[in-house]
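K.L.:
Sending over a structure as structure tokens; questions will come in a sec.
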Amino acid sequence: MLNRELIYAEQSLFHQSQLLRAVLKIIAIFSVLIGSINVFLFNSYDTALFNYVSFIVALFLLFYFKDPSRLKLTSWLACAAVIFNVMVFIHIARGQNYSVLWIMIIPPIVFFLLGRKMGAWITGSLFLYVIGFMAVVIQHTEMRTLGFGALLNIIEVCIALWFLFRFYEGSRESAYRALEIQSITDKLTGLYNRIKLDSVVAEQHRQLAAGQLNHSSVVIADIDNFKEINDRLGHIQGDKVLQQAARLLRSFTRDDGIVGRWGGEEFMLILPDYSVDQAKHYSELLRRYIADNDAAFGQTLTMSFGVAELHAEASFEHTFIKADRALYQAKQAGRNCVMVAID
């Protein structure tokens, strides 16, 4: 559970970093475009000045954020820049031409970058202020009807919100997929972990029971003499041996089966549509492939294998016990060999 929470925290920071970069890029692009519109279409140089200042600030923050440790401070500065720019524009425009609509781009940015609690406080306060500001302006200013400037404001706000939410949803899905991959991956070897292997076996059982598979076999592979290697060379070198074994298993199996780390120096290979005899032959080829490759610690790496066939009417625990017994027989037979469970 703790490992999953750490993974989630890492992904949250990664997600926030991606969002921050996207927000700053959107601010930079929109500041230039809107500033140019204010200069060339409306001769509104005061408003354009703030747009161009916002562009410079966005570029500075993008450069400043190259150091990941500055995530929190940069997020606050980015939010402050957006809020300042929007509020100044609303004040300069006196709420005319639907300029007040720009307040709507603040909530997604603040919520995305500062979180739910702070986002709620800041946006709530700004909304109350803008409502009060507009109440005063309406009493002392004759509001213009819908014109070209109002139409541009509406279009610009809609486009800005579209980009913000589109990127947010895309980055959220990307972060979720990355989190999902990490949750089923063994951190040391990069292979599937026990959680994924359990789900694959459950799916194999379902397909066998439904008649969608004729056979399915499970192979347990164990590194020979791993304890001695670990004791003699140390845990760091032992980890390299595990990684080397994982690379060899992955490179050989490819799309033939599903391989993962079961625990310690034990690995599991699930072979859909393989009978026990086919799985035995496959495991023998795999055993030779591993033995023919030099290990990371400068001597031959060998593995022992226990093979058992999955049956729809038998539980996975029963199949695993059989494969584990076959592995034990392989160890007793001198290691570096393949043994098949006897039904």
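Quick reminder: no glycine exception, Cβ is built from N, Cα and C everywhere.
Here's the feature list from TrEMBL:
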DOMAIN    214-343  domain 'GGDEF'
TRANSMEM  22-42  transmembrane segment
TRANSMEM  48-66  transmembrane segment
TRANSMEM  73-92  transmembrane segment
TRANSMEM  98-114  transmembrane segment
TRANSMEM  121-140  transmembrane segment
TRANSMEM  146-165  transmembrane segment
K.L.:
Verify whether three or more Cβ pairs under 8 angstroms connect the transmembrane segment (48-66) with the transmembrane segment (121-140), leaving out any pair fewer than 6 apart in sequence.
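P.N.:
Contact between the transmembrane segment (121-140) and the transmembrane segment (48-66): absent.
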K.L.:
In the domain 'GGDEF' (214-343), how many residues does DSSP put in helix, strand and coil?
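P.N.:
Helix, strand and coil residues of the domain 'GGDEF' (214-343) number 60 helix, 33 strand, 37 coil.
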K.L.:
In the predicted model, what is the mean pLDDT computed over the domain 'GGDEF' (214-343)?
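P.N.:
That stretch averages a pLDDT of 91.
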